[in-house]
Amino acid sequence: MRFLQRIRGRETPSTASSTNADVEKRAIMAKTGIAARFRPRILTMGMLVSMGGFIFGYDTGQISGFLEMPDFLARFADTTNPKTGALAFSNGRSGTIVALLSIGTLLGALCAAPISDKFGRKPSIVFWCLIFCVGVIVQITTEHKWYQVALGRWTAGLGVGGLSVLTPMYQSETAPRYVRGALVSCYQLFITLGIFVAYCINFGTESDNSPRSWRLPMGIGFIWPVIMGVGMLFMRESPRWDYRQGNIDRARGTIARSYGASEDHPEVQRELREIKEKLDAERVGGDKHPWYEIFTGPRMAYRTLLGITLQALQQLTGANFFFYYGTSIFASVGLPNSYVTSIILGAVNFGTTFPGLYIVERFGRRPSLIAGALWMFMCFMVFASLGHFALDQSDGANTPTVGYVMIVFACLFIAGFAMTWGPIVWALVGEIYPSRYRAKCMALATASNWVWNFLISFFTPYITGAIDYRYGYVFAACCFMGAVVVYFFVCESQNRTLEEIDTMYILDVSPTKSKHWQPPEGEDLPSLDNTYLTPGARGIKKKNEAGLPTEGRREDAAPYTGGIFHASEAQ
């Protein structure tokens, strides 16, 4: 690497520059038409593996409808509405039933990475599908025990959490480079589709006063993990995992099938070479890296906390306020059938995800997130103000116009979320971390998402009971804070390679100027993988004349040349 070689005063062989790689990549893509890129095998893999997102969305969407179904209330309600005398759930019981799913997903997400590293991505996905099915069985077999429903949702949540990590991981590790972004984005798209389908099925059964009203939608939930689990038996293991286990020939065969090319095709060989170089870079200085390096490594505390904050703010936008309690919310504004409103919200959420995939590539991460946050801030301010000051909360039917306007702004909010903060935060969290710490950092960021998911779903009934629709002001403030955080702390990563993104954070490029930052032309970039961190190094305090961090590099480290690192070279 010429950039590092001049600093270290040594000349060593270097790998091809990123510029040349980009030229080669564009040449391959120019020769590959849309039909060739999205071959039946690729489409099948994308739809099958994205079923993990569908499972997540379906389970999220169905619970809001159950809470208003007569038979579900008759079996599990623990109080009555003081105004109407109708059966109702106390805040504690409804919050527990809804929120225990999030506790399960938190644990499942944290356990998924080490399990998949040990046993492989493919068997792990099948395992978490089985766990989800067990959770559905626990729920559907209950008669009058509400805590059985809650425990069943906790068990199903383990499966949802595991799949929420493994679905994008398997897709990103297996898909060809030129469709990788599109396939990973399908995860968010299938989440919104799952929510929409759950709303539609709830609408079809809510008028049935028998147990079928909630058991049928719950039973249909078996279909999705069965399709995914059985389908995965016919898929191949991730080539990245196979390569790490020494199964190089099998990894080569999987990549060749993904590209629809022979095993000696240049693109297949380049993919294998990149896997090898990245693995060699991760193993420099030893295979194991202490977990605390995600906070003590150069600029790692900044990035680790940024990912945790972004995932927390995604939940604090208030989207799940509508998804979990949408049916109950719109029943309170006097609508004749609040299930119809939920379907409208679900359709808006699903439909607007498609233009969102265009917006992020056209305008970039920073502008999209900032504009989306300010848009959601405005929507929640109107929604909360109308709900508190204009709506007749004792009988919403007395102010129908206000209720309909609130629905309009709820739809506008969902549209803004689906096009910006819904998919983009997941993409950012996958981009800002160096490879050696990506799994640990993403686990922490995902855990942050599920913790706030739980807090919102559990405490929402208590908070709305105390301050009614003024709760929306809390979410509005968090949306505004999200715009501030993105403006001051997030670097623009549109059209950047992962190496360039790593370099921007290491060199402390100003986020406000990051869009116009240009890497040194024709030179390989310094990244965390090739600066040879000392375990326990505490960030970057200064840079040398070339702009490379001078702290955090092993003084005895041999220059990395893309080959296998031998301990003798550092002596």
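Numbers here mean position along the shown chain, with the first residue as 1.
Positions of Cβ are set from backbone N, Cα and C atoms, glycine also.
Automatic prediction, not curation, is the source of TrEMBL annotations.
TrEMBL lists region 'Disordered' for one of the ranges 1-22, 265-286, namely 1-22. Annotated range for transmembrane segment in TrEMBL, selecting from 154-170, 494-510: 154-170. Sequence-distant residue pairs (6 or more apart) of the transmembrane segment (154-170) and the transmembrane segment (372-391) include fewer than 3 whose Cβ atoms are under 8 Å, leaving the two stretches without contact. Looking at which of 94-113, 182-204, 403-429, 471-490 has the most CB pairs under 8 Å to the transmembrane segment (216-235), the answer is the stretch 182-204. Counting Cβ pairs closer than 8 Å to the transmembrane segment (305-327), the top stretch among 38-58, 125-142, 372-391, 471-490 is 471-490. Non-local neighbours of the transmembrane segment (125-142) in the same chain are 49, 52, 55, 104, 108, 112, 115, 119, 148-149, 151-160, 162-163, 166-167, 170, 215, 218-219, 221-222, 225-226, 228-229, 232-233; each lies 6+ residues outside the stretch with a CB under 8 Å from one of its CB atoms. When the stretches 38-58, 94-113, 182-204, 372-391, 471-490 are ranked by Cβ pairs under 8 Å to the transmembrane segment (339-360), first place goes to 182-204. For the transmembrane segment (38-58), the partner stretch with the most Cβ pairs below 8 Å, chosen from 94-113, 182-204, 372-391, 471-490, is 182-204.
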